[in-house]
């Protein structure tokens, strides 16, 4: 039996201009089988025990000679659109009469996997030479479906013992201008190459190197095309004991792997950090020392006079000591930003540390997705604690409203973005559309873990909060702020404060985008941790410098300015994502475009929260330091 009869009506043209002059595809999703539902016990074990403690070994099955090795078909999709995937059996291909789906983990479902058993019969260490898989009679409409898929550079993904193997559905050749030739062929024979060590499978690959494609050209509308699909299996023994021990580039990977240690990015970031830290530590502190000496000397010489006379004869950051700790407007929103920002700082650090400790199996699908969901739920207590603690310190009274705002600050924008993206996937039949059971499961995790931990953290933060304890007394009447030059405006501070941290990570950002939105596998977690630390350091230094310049202009409205100045790095990251989409990728189509820009907006928002939090607390620490060391009556 072959699939595609029922899927023939499901493959329709998508709106918009097709890439490369070819028509695009639109598929309706197959009914989600019950086997996709994530059961509670396996999910909790997955989340609590991690996603593969030993990369390349965790999840490997032990076989005896002749044991059946199940090959699962997974998904197909355009090569240049990583997040646009469809079920393999939606194409007119060989499939069993009754499709049996594999139970998947939460991370695999989130990754768009929809694994099902195939007709391929593979036994451990038994070679097969050109065995017939099935015979097919394709109508002209089904042939047209395959032609469209091949023109869109559709690739397929199979899974053997948790090892993904990928190949193109067919072959397309464009040559010449006059005369122009356009040839399309379908691969009807696949060569599977598997390597084993002892009783374990170490490597799997599929090849069409010595195979001639079956032409799909010249078929009349009322004509049927007869096809015979075959396959071969070749086993070979390897001395490599673990999958993770294979050398980079030695696996004949389907996707390009060019991620190497990029010293230029590291050196660029290090130079920037040294310059900024040197600027803050040498120049800024020297100016501060002179300011403190001058202000304290003036304080002693004018001690016989009144404080008002002193204020009238002075200028700079000293004169605003009675206003610098005046609490800002929208303090509840400010505390919520700080709380959620602290949560994402802990989440990002936790993900990178777990990766450094080897807790992610690169061969297991969706490992980081599962870990991110677990850590987000568990770190909700941090957001509640930080937000409620600081809110109580600065005199906030509406504690319940503050907790609701904190828990909604990220979850509501995320839910709205996800709803749009998931609806587009569902309308186009993509496997990236989450099943209803997975949606309910994620909602339950948030309601039973994330939200309660936010409330618990808020209670502890409120009860443990001490008075703000400002070094200077705040007057009841606010001081008038003098007119500020253009270079001390919020827009200029946001431009400088956002561009410098962005420049420190701009090269590394390309590799991250190539991993998330491309076909790379990012494994340089040590470098990523180093760059992440550089980003936070640069943000803190820039925040201190900009805050000092603002206070020197007798402008004491630093609370929100400190958050926005360095937090604007998120805006630069979003602008970079637009540049990456237009100039560094080949992504196209409604499905991929909506997902890319939707989640790029969320990424910029997360960086705004993280860096805004770092910036604020750095400025607060700096301001406390300079005013504590100032002699005042």
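Cβ from N, Cα, C; glycine included.
Note that TrEMBL annotation is computational and uncurated.
Within its own chain, the transmembrane segment (263-285) has Cβ neighbours under 8 Å at 500, 503-505, 507-508, 527, 530-531, 534, 537-538, 541-542, 544-545, 548, counting only residues six or more beyond its boundaries. Taken from TrEMBL, the feature transmembrane segment covers 263-285 (among others).
Here TrEMBL flags 333-360 (among others) as transmembrane segment. Cβ atoms under 8 Å from those of the transmembrane segment (333-360) belong to residues 50-55, 367-368, 371-372, 375-376, 379-380, 382-388, 390-391, 394, 396, 402, 405-406, 409-410, 525-526, 528-529, 532, 536, 559-560, 563, 606, 609-614, 616-617 of the same chain, restricted to positions at least 6 beyond its ends.
Per TrEMBL, transmembrane segment is recorded for 366-387 (among others).
Remote same-chain residues near the transmembrane segment (399-421) are listed as 332-333, 335-337, 339-340, 344, 380, 383-384, 387-388, 391-392, 446, 450-451, 454-455, 458, 462, 594-595, 598-599, 601-602, 605-606, 609 (criterion: CB distance under 8 Å, separation of at least six residues from the stretch ends). If you look up TrEMBL, you'll see 399-421 (among others) marked as transmembrane segment.
Outside the transmembrane segment (433-460) by six or more residues, the chain places 29, 32, 36-38, 43, 106, 109-110, 373, 376-378, 380-388, 399, 402-403, 406-407, 411, 422, 425-426 with a CB less than 8 A from a CB of the stretch. According to TrEMBL, the transmembrane segment annotation covers 433-460 (among others).
The annotation transmembrane segment is assigned in TrEMBL to 491-513 (among others). Non-local neighbours of the transmembrane segment (491-513) in the same chain are 259, 262, 264-265, 268-269, 272-273, 276, 520, 522, 524, 527-528, 531, 534-535, 538-539, 542-543, 546, 550, 561, 564-573, 576-577, 580, 584, 611, 615; each lies 6+ residues outside the stretch with a CB under 8 Å from one of its CB atoms.
Taken from TrEMBL, the feature transmembrane segment applies to 525-546 (among others).
What TrEMBL records for 558-582 (among others) is transmembrane segment.
A Cβ distance under 8 Å defines the sequence-distant neighbours of the transmembrane segment (602-623), meaning residues of its chain 6+ beyond its ends; these are 324-325, 337-338, 340-342, 344-345, 348, 409-410, 413-414, 417, 497, 501, 535-536, 539-544, 547-548, 551, 558-559, 562-571, 573-574, 577. Per TrEMBL, the feature transmembrane segment maps to 602-623 (among others).
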Cβ-Cβ under 8 Å with the transmembrane segment (366-387): same-chain residues at least 6 beyond its ends:
46-48, 50-52, 105-111, 113, 335-336, 338-340, 342-343, 346-347, 350-351, 354-355, 359-360, 402-403, 406-407, 442, 445-446, 449-451, 453-461
